Amino acid sequence: MEGGAYGAGKAGGAFDPHTLVRQPHTILRVVSWVFSIVVFGSIVNEGYLNSNSGGEKFCIYNRNPSACSYGVTVGVLAFLTCLLYLALDVYFPQISSVKDRKKAVLSDIGVSAFWAFLWFVGFCFLANQWQVSKPKDNPMNEGTDAARAAITFSFFSIFTWAGQAVLAFQRYQIGADSALFSQDYMDPSQDSSMPYAPYVEPSTGPDPAGLGGTYQQPANAFDTEPQGYQSQGY
């Protein structure tokens, strides 16, 4: 049940590609991987324009090289991160240690949330620089579709990475709530803090009333009231 707590499949089990591709977090990773390719590919291929003077190329986003560099850097690193965690998804069912599985899921939460933040910053940065770009810098409107595509898929990437963080958190909660199957589970009968059950004396003979040997005091055991005066004859 450790596998059910922190991922699909049994701990130490074999890799099952059919199970892997049906997992929501794996699907989001693949989608995020594709989005990252679109972002950095669009900027690398059409994000740099030739200047009118024939000099060096400049960034399509308001001639700000930091905007293009940020988009390419975040896109490439997100691409590599997706590959890393896809490999972790493949290897995850073979992890037999509960602690290692917890660490993997916790890292998934942190990394996914961090990348959602980076994509949010990237979207705001690129959108702002695109908005203030001067038409005279690009009179032929070269690369405008690629620039808009990078901005659009940066926006979509915020939600795909945030979705991965949410799914990872849900996986962690499922594992944390499965105390019955964790290594720290203690049988209640072995717990010294449990109150003792009342003692019942075992019966040594037939017990037709089903009292289990429970002691019952006779009704007249301590009846000291006289039952009436009887005179004696002399």
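Placed from the backbone N, Cα and C atoms, the Cβ positions cover glycine too.
Per TrEMBL, the features are:
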type     : residues : note
DOMAIN   : 20-173   : domain 'MARVEL'
TRANSMEM : 30-49    : transmembrane segment
TRANSMEM : 69-88    : transmembrane segment
TRANSMEM : 109-130  : transmembrane segment
TRANSMEM : 150-169  : transmembrane segment
REGION   : 192-234  : region 'Disordered'
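When pLDDT values are averaged over the domain 'MARVEL' (20-173), the model yields 91. If one looks beyond the transmembrane segment (69-88) by at least 6 residues along the same chain, the residues whose Cβ comes under 8 Å of a Cβ in the stretch are 26, 29-30, 32-33, 35-37, 39-41, 43-44, 47, 61, 104, 108, 111, 115, 118-119, 122, 125-126, 150, 154, 157, 161.
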